Amino acid sequence: MADYHNNYKKNDELEFVRTGYGKDMVKVLHIQRDGKYHSIKEVATSVQLTLSSKKDYLHGDNSDIIPTDTIKNTVHVLAKFKGIKSIEAFGVNICEYFLSSFNHVIRAQVYVEEIPWKRLEKNGVKHVHAFIHTPTGTHFCEVEQLRSGPPVIHSGTKDLKVLKTTQSGFEGFIKDQFTTLPEVKDRCFATQVYCKWRYHQCRDVDFEATWGTIRDLVLEKFAGPYDKGEYSPSVQKTLYDIQVLSLSRVPEIEDMEISLPNIHYFNIDMSKMGLINKEEVLLPLDNPYGKITGTVKRKLSSRL
């Protein structure tokens with residue numbers, strides 16, 4: 001180590017853009033027991049800290065480093081003493097702990113993902129302590145806080161896989177010498193929704209209810225009315241319609257990012273077997289797939 005220090009030479013042509021270190025995928029199952037009625041939150045948490053000095057990078061000096069094993073243990077202890085009311089509140093608790101406990105921590109960033117457990121229910125009666133894994137959209141959040149500022153909270157849903165068998169088409173696109181895709185007025189539309197939004201303020205927000213509301217709005221706009229659906233001329237239009245509906249219904253959010261892969265299902269040609277397949281048997285293709293993204297935010301004038 002001494003030889004390393006003696007051979008160190010500063011490079012004046014380089015500067016740090018951003019640094020961080022931490023612990024990823026710290027898993028916790030928190031059980032809240034109210035008599036025989038139990039509630040659970042299972043989460044996977046990742047923590048990144050930025051320190052005021054760079055001597056660990058520049059000199060191999062570890063004297064300012066909070067070990068990542070300590071970070072893991074801190075997440076466990078905060079779950080015990082603070083509980084997990086919502087993953088957003090848990091993320092804020094973690095940021096605030098490290099910023100208040102260590103003066104040389106200048107930035108804390110926390111990602112929390114909730115494992116989707118749902119309480120068992122039958123005929124309107126909820127089970128007191130049994131749950132079923134229901135992967136119908138994963139709730140996640142990102143919390144970032146600088147020493148000089150309030151926490152910035154993003155929430156989102158991912159892995160929300162949806163499909164409709166009609167009321168979707170794709171026409172009027174550019175055709176050149178490499179185009180083989182035919183226009184279609186009626187097709188299957190399947191996607192796996194990734195949707196993330198930012199809260200413009202964090203006080204008195206019911207994060208759980210807001211997440212549920214936005215998830216329901218995504219499904220509402222994708223599917224349309226239950227008796228007839230709603231036509232989608234493109235994935236892009238559906239994506240934008242989800243954003244417009246969400247920001248109009250949920251005043252707590254400032255912007256929204258959505259990514260929608262276009263998961264393809266193609267009609268299987270059975271003509272060589274003397275059969276006519278009228279879009280009854282389709283072939284799912286995992287890849288390649290189209291990917292449509294978009295982010296919108298409120299204009300400044302709309303907030304005045």
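Quick reminder: no glycine exception, Cβ is built from N, Cα and C everywhere.
Of the residues N62, N93, N262, Swiss-Prot puts just one in the urate site with T68, D69, F170, R187, V235, Q236: N262. A distance of 7 Å separates the Cα atom of D69 (urate binding site) from that of K23 (active site, charge relay system).
In the three-state DSSP scheme, T68 (urate binding site) falls into the helix class. A 10 Å cutoff on Cβ-Cβ distances gives D69 (urate binding site) a total of 9 other Cβ atoms nearby, all chains included. Counting in whole angstrom, K122 (N6-acetyllysine) lies 36 from S232 (phosphoserine) by their C-alpha atoms.
In sequence order, Y21, G22, K23 constitute the residues six or more apart from T68 (urate binding site) in its chain with CB-CB distances below 8 Å.
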